[in-house]
């Protein structure tokens, strides 16, 4: 049997300072030894290929290496080795044969007969077992020993319960088939391409409209241009349409001397400009209702530069949605 030494010193917190400047050669040596241990305890190893004493040696070797660990990489290798050892140990424990494999039924019956005052040895010939009668065996002796291990009162019972109760007959229940009426069946509404009526591309139309308004107004504060003080949703849509102009290089954004974001139309860079190093930059802008309200208050916006658009409606299968 293998015994683990309880006095084996595991790495204490005081002996494990983090040292990023640990000698590189020492770290390489520790990693090399840990990887060798990991190879000897890898997942491909079968439990029957290694003895329990070898597992103890691997744990002790890993413990000695752990005293020198001062960085997370080596600590990770140590945990991998211990995980492999634990996995193999668990497999070996499950493979141990105990209980019924070590229990001899004939030996138990022989000792039980001797305990109740019967013959000292049971004959191999089964016919001689008939000589052992109830008068020889002291069954009360084994009964008293058994009662000492159980507090349950012996009772008499019947397999089918009290005799006065008749066994219930299981009734056969016929389940009627559920028939659905064809009239009650409903199918999802089929929508064909011609059911969706679109007079024109709304996005393209609105992008062109935003460009025309910006061209008329010239350089203007970003928030004064896109914010609709009466409709937060349309303010978000205005930013969306403006982003197409910035993406295509038709609109520029810069911060003036007062720290305000200013937008204005510009010419899109040509292929030669891009070859000369001209690049377009885009940003991700966070815009919520709190920002919307704050901008209205700070820039004193009372009306929208971009006219209010009517709510869009779409026809699907004879019904309008908007």
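Placed from the backbone N, Cα and C atoms, the Cβ positions cover glycine too.
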**Candidate ranges 176-199, 200-223, 224-247 [criterion: TrEMBL lists as region 'Disordered']** = 176-199
**Asked** region 'Disordered' per TrEMBL sits at which of 1-27, 28-54?
**Response** 1-27
**Prompt:** Tally of helix, strand and coil residues over the domain 'Non-structural maintenance of chromosome element 4 C-terminal' (220-306) according to DSSP?
**Reply:** 36 helix, 12 strand, 39 coil
